[in-house]
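A single structure is presented below for examination.
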Amino acid sequence: MLGLTKKDFNLLLIVVALALLAPFILNPFPSSSGMAQFNAGYPDLMQKFVIFGIFAIGFNILFGLTGYLSFGHAAFLGVGSYSCVWMFKLLGYNVLPGILLSVLTSGIFAYLIGIVSLRRSGIYFSILTLAFAQMSFALAYSVLSNPKFNLTNGETGLQVYADDPQIFHSASAPDLPHLFGLSMRATEKLQIGGWEFQFNAGYYLCAIIMIVMFYLSIRIFRSPFGMMLRAIKSNNTRMNYTGLNARPYTLAAFVISGMYAGLAGGLLSAMDPLAGAERMQWTASGEVVLMTILGGAGTLIGPVLGSGLIKYFENIFSKINSTVLHNWFSFLPDGLEDLMVTLIYPFVGKGWHLTLGVMFMLIVIFLPGGLVEGGQRIKRLFTRKKASDTAEDETAKSTTPAE
Amino acid sequence: MSKSNLTRRGLLKTSAIAGGGLMLPTYLRAAAHAGFTNAPQGDTVTLGFNVPQTGPYADEGSDELLAQQLAVEHLNGEGDGGCLNTFTSKALKGNGILGKKVTFVTGDTQTKSDAARASAKSMIEKDGAIMINGGSSSGVAVAVQGLCQEAGVIFMAGLTHANDTTGKDKKANGFRHFFNAYMSGAALAPVLANEMGTDRRAYHLTADYNWGWTQEESIVASTEALGWETVNTVKTPLASTDFSSYITPVLNSGADVLVLNHYGGNMVNSLSNAIQFDLLNKQVNGKDFKIVVPLYSELMAAGAGENIKGVLGSMNYNWQLENEGSKQFVKSFGEKYGKPPSNSAQTCYAQVLLYADACERAGTFNPCGVVEALEGFEFDGLGNGKTLYRAEDHQCFKDVLVVRGAQNPTSAYDTLEIVEITPVEQVTYAPNHPMFGGDEATLGECNPGA
């Protein structure tokens, strides 16, 4: 269906279900219970899940298929964000022009950086992209934000002011990013028993775009073009010897993944109309690499899972403070309670990086294929199929061209 | 070859359940609309403390958090009551806010606008926080203030010193207790004139971002008004750790004062470099060479160690202040945590109390009521002496401290000595001052949200 094999179509269905039912899936605990701390079903985090999902899907098209490890993808995210906010400032709060422009500018930006960076491969490519991203960060942070020529508004972050032109802004339209009048912040709350579920307009816009992007990425993976990219990954030299010029293909992959990143950046701004320079910092570029590897590079759904996991840690674990811990263990005798809190405290709250780091190490060491490999192993455990069978099955699947 | 558990029956079942679930809300929806975002339900009210727990300002953030926890304790009538005893407004009774027990949630801003907004959003959307307090950078403060304005909750800024927070970027739902760059300049100028004369030549090194610029602009304006000459202003990248290459030109420029518009780690490094070049023992134009650091903090002083001796700067608050409120606060804080509070701790403590008090006086948690109660509010007893929350820009006006690195510190905590307490009249400016966005900057309307 939709030009997909049955298996891919099922995968797409799973993603659609996950995305549309996220408000239920992510809120498994009643809001009054102590476990509500672990609920992730509030609009901001759900938006982040799908937006960074898009970012990682795009990154995976480059890294997963061609093997070119870009350490500068955050630059495109940042460019997308700035473009979108500029559209808000100039045209008005409708999100469509902003999102379109962010895809466009990041595409152009990726093309320019790609032409230069793709002259080298391997570690040199990574360093070049990193250098470009850091240059963009420095430009955005200070050079392009001086009082005479203020493109990015520096540390404060680009935002919309009351005296901006906003030429298409009408009095009836909401004073917040909206899609033809539907505010991105509009949230429908549904209470069933102790549970509260939040349905946010912005989230569903992002989720639909994510589904479309996911579909697009499946098509790219299964197309002859995707095949070519895989060939580049497995042996670029041999490709060259056969007389094929690989660079247009890698450049196309680079631009496509840059546009995905720009789209993600545009959506970030559309959900929250402020673009800060730190979105371009190398840590942000590193984050998407982690997401992709954590989930499983080269797999379709891996990056989405990886980005979800990292954002979950960042937003949920960082909010567990010592008071919360004391509440959890209050049933224990005093001494034991303090001991438990002391033991766990370094791993939550401000120590969330530590937990994430440990987890990343464990996954890379024991599940080199990321979360997807973990899932496959569990599946194998239950279906009791011979491991070698499925492995062959997988490779057979992934190397069959679509047509 | 592919196996799937997805059957038609399964699909039908799932969609029936999902559909049923979606239809339920029509009669189950809670009608708990109190006319503003996150109206407290039940017998508790939740405050959001959004501070940097990782990154360059993590020390300041952890100090802020300690102070905020102390404030919550005092509001709930635990501990010794702290500044509730000295606060001139007696609306707070130690039984929470409006009879509701105060609880709080914390988050990590990472000193990044994005992360700070995400963390504040989760507090508002998930935990039902009615007020956000904290932060240790102007970029973050402006970002979170904008968010709170849109979401319809109150923002009580923590440590933020750029003019923009209550200038160009001011918002009706945002309030700043901390002082700003303009006030630093205005407070420092007379002391500088006194100590160094009126014919100095100043050289500025400025952190290259918004806060640095407003700081530089303010100091240049107030020192030039004294008759000083500005030789040069050089922007340094925020990420620099070695400032030697910026110090060398200072020696050859004919300047006799170096102004470091740096903060945190930047300032510690640039000051150390300047000391390595022995600037303080130089004689230029027949005068002793001097260094000025307009914005001081205890944590920076501790980081710079010996180097800070004799260097002048300004502060919002210092624990050595001898008024009733300050003594009471230092006592409570010291007894609980075993150290005196810092600048940033005090401002957050005061902000939490001020917010709680405003709710009590307004008789509601509605942000618009709180804004009304805070605007033009005059108070004393929170440590800074007599203070006014100005209605036009939501900036606190109070005395500003000029401090100097102590020559002979007796403990790890008295590294700074107070040179002068600049009276509030001297640092007051018009709300439409050009450094604060002029006439164009407006607060806008207070937003109560949903």
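Easy rule for this one: first residue shown is 1, then count along the chain.
Glycine too: its Cβ is placed from the backbone N, Cα and C atoms.
Okay, these came from TrEMBL:
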TRANSMEM  A:12-29  transmembrane segment
TRANSMEM  A:49-71  transmembrane segment
TRANSMEM  A:91-116  transmembrane segment
TRANSMEM  A:123-144  transmembrane segment
TRANSMEM  A:201-221  transmembrane segment
TRANSMEM  A:248-268  transmembrane segment
TRANSMEM  A:288-313  transmembrane segment
TRANSMEM  A:351-372  transmembrane segment
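Situate these features within the shown structure.
Among residues of the same chain six or more beyond the transmembrane segment (A:49-71), those with a C-beta under 8 A of the stretch's C-beta atoms are 19, 22, 40, 77, 117-118, 121, 125-127, 129-130, 133, 203, 206-207, 209-210, 213-214, 217, 220-221, 226, 229-230, 232-233, 249-250, 253-254, 256-261, 263-264, 267-268, 271, 282, 285-286, 288-289, 291-292, 295, 297-299, 302-304, 306-308, 310-312.
When Cβ-Cβ distances below 8 Å are used as the criterion, the transmembrane segment (A:91-116) is approached by residues 72, 75-77, 79-81, 83-85, 128-129, 132, 160, 166-170, 173-180, 184, 205, 250-251, 254-255, 257-259, 261-263, 265-267, 269-270, 273 of the same chain, each at least six residues removed from its ends.
Residues 68-75, 78-79, 82, 113, 116-117, 150-152, 154-155, 277-278, 280-282, 285 of the same chain sit 6 or more residues outside the transmembrane segment (A:123-144) yet have a Cβ under 8 Å from a Cβ within it.
Within its own chain, the transmembrane segment (A:248-268) is flanked in space by residues 47, 51-52, 54-55, 57-63, 65-66, 68, 70, 73-74, 76-84, 98-99, 101-107, 109-111, 113-115, 117-118, 205-206, 209, 213, 220, 225, 228-229, 232, 275, 279, 288, which lie at least six positions past its ends and keep a Cβ under 8 Å from the stretch.
With a threshold of 8 Å between CB atoms, the same-chain residues lying at least 6 positions outside the transmembrane segment (A:288-313) that come near it are 8, 11, 14-15, 40, 45, 48-49, 52-53, 55-57, 59-60, 63-65, 69, 71, 73-74, 210, 214, 217-218, 221, 261, 352, 355-356, 359-360, 363-364, 369-373.
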